[in-house]
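Read the structure below first, then the notes.
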Amino acid sequence: MGFKSAVLLGLLPQLLSASVCPNLMPGQSYCVIGTVSDDPEPTTTTPSTTLTTTTSTTTTPSSPYQPTQPGLAANCDKFHLVASGDQCDTIEAKYGITDAQFKAWNPSINAQCTNLWLDYYVCVHVPGATMISPPQPTPTGPEPQMPGIVSNCAKFYQVKSGDSCWSIDNAAGITLAQFRSWNTQIDENCTNLWVDYYVCIGV
């Protein structure tokens with residue numbers, strides 16, 4: 001049986017030393033102990049490839065008018081942020097809309113308007129809606145103001161606990177008729193003055 005010299009030397013490593021076996025001759029037969037096989041086939045390693053898939057996420061910008069009352073009209077294009085003291089009628093008057101319109105666009109608000117949520121947005125207009133009157137102009141002067149103050153008010157007074165229309169009128173030297181004409185949302189019995197809000201006492 002013939003085999004390669006590398007295999008023979010692997011079985012008889014002492015052959016590498018000329019002092020041990022100086023007369024190794026080509027063509028001669030030698031006895032070896034062990035299992036003889038050809039040179040091992042070279043080992044091929046295939047590099048592994050790991051593919052990483054990245055999924056991009058697209059975020060749609062949310063409406064800047066958040067949070068909103070539940071059930072608000074999906075096509076609403078004008079909003080009002082509910083403030084302390086707001087009522088349905090004052091909001092409706094401010095934007096020139098009817099109570100029916102306001103309730104239709106904000107169906108979660110009950111008939112008595114007792115569930116307006118402070119610091120939440122409500123809808124005050126949808127495309128194609130007809131207003132019953134022009135929206136009230138944005139008031140000038142100190143804030144917060146009672147709703148319905150005339151736009152040309154030149155002198156303001158901040159309501160304090162215990163105030164009444166008559167005490168304010170007397171201190172300002174004006175009549176009740178003047179006071180109510182400049183503060184159009186004050187009822188005839190003056191029961192809806194809001195503490196810490198400004199009223200108009202001169203134009």
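Cβ from N, Cα, C; glycine included.
Copied over from TrEMBL:
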type	residues	note
COMPBIAS	42-63	compositional bias 'Low complexity'
DOMAIN	78-124	domain 'LysM'
DOMAIN	155-201	domain 'LysM'
REGION	38-67	region 'Disordered'
SIGNAL	1-18	signal peptide
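Across the residues of the domain 'LysM' (155-201), the predicted structure has a mean pLDDT of 91. Broken down with DSSP, the domain 'LysM' (78-124) shows 15 helix, 8 strand, 24 coil.
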